[in-house]
């Protein structure tokens, strides 16, 4: 066996360092259990406390150890296409290879320059909402962000678990702060006996109150993202479609946006069990809703008539797992009354390749 080089040693050290935030949260959670259940030991609250503790740990575990999903094989280039990309100079040959490869794929988003979203490192055409994670060194489906507190990428496969982790951790901290408040007040008024427990009570309240503030803002932000059907990356940089940038391009309305993340069966919404809709590679779009924050089209100008490529619904058929979200939406109603636009959107424009790693 060949000896490990300096690069391999550095990678192993980084992997160990990445687990430090997870170990910190785990130790803090273990101490909070000891301080509350053993030292404070409010008997009437222990049942509710253990329920929140169990849901917190369960959702945290699922967020950490659920592997991020990667694009399916159909988005990978064939060996012949890879060989063409390596041998030919960057130009029309590359454009033709990517046009042929992306012709039948359910992709609607482009780069800022209008090119097909291609990853050089993974050698694949990126599905919609997929991004390359520099930490994991992989393309992650519907990537939201890489979270150091779970040492994992938050994406399509574990975004619901991440939301539940935020929700139950917030409830856990609020519950501790609320039930510990009276003892915290007695600590400062010298109403507690001088034992070791009084210091656990004081620090337990401080930790719970501090984390409640930060978690409430983070959880509220992600609730807003779900309501708008956005990821964190899409909130900072709006997705680009063939008709241009549209920050609400994936939004289907509050109810359908919720169902896309939590699923159709409400009995699973509060449990860290995977129930999200779709396969993570294709998503329905709703391009007929005008952004209320943007100015309306001036009178006498009809951008849709001037630009037939500005279609009002996806150019390619949605996968069966996603299409039912739009069965009663305005986009399909308009498609039935104006079938010509659907045909106009079936051809891909001439696209150039742009590296996004």
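Cβ coordinates come from backbone N, Cα and C, glycine included.
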**OP:** Would you please say which range out of 130-152, 199-221, 222-244 has the annotation transmembrane segment in TrEMBL?
**Re:** 199-221
Original post:
Looking at 16-34, 73-91, which one does TrEMBL call transmembrane segment?
Top reply: 16-34
Original post:
Quick one: which of 40-61, 106-127 does TrEMBL have down as transmembrane segment?
Top reply: 40-61
**OP:** Report, as numbers and ranges, which residues of the same chain sit near the transmembrane segment (40-61): CB under 8 Å and 6 or more residues beyond its ends.
**Re:** 25, 29, 33, 150, 161, 164-165, 167-169, 171-172, 175-176, 179-180, 183, 197, 200-201, 204, 272
Subject >> Residues from the same chain, set at least six apart from the ends of the transmembrane segment (16-34), whose C-beta lies under 8 A from its own >> reply: 53, 56-57, 60, 64, 135, 148-151, 176, 200, 204, 207-208
Original post:
List, by number or range, the same-chain residues at least 6 past the transmembrane segment (161-179) whose CB is under 8 A from its CB atoms?
Top reply: 32, 36, 42, 45, 48-49, 52-53, 55-56, 59-60, 62-63, 66, 144, 147, 150, 154, 204-205, 207-209, 211-212, 215-216, 218-219, 222-223, 226, 261, 270-272, 274
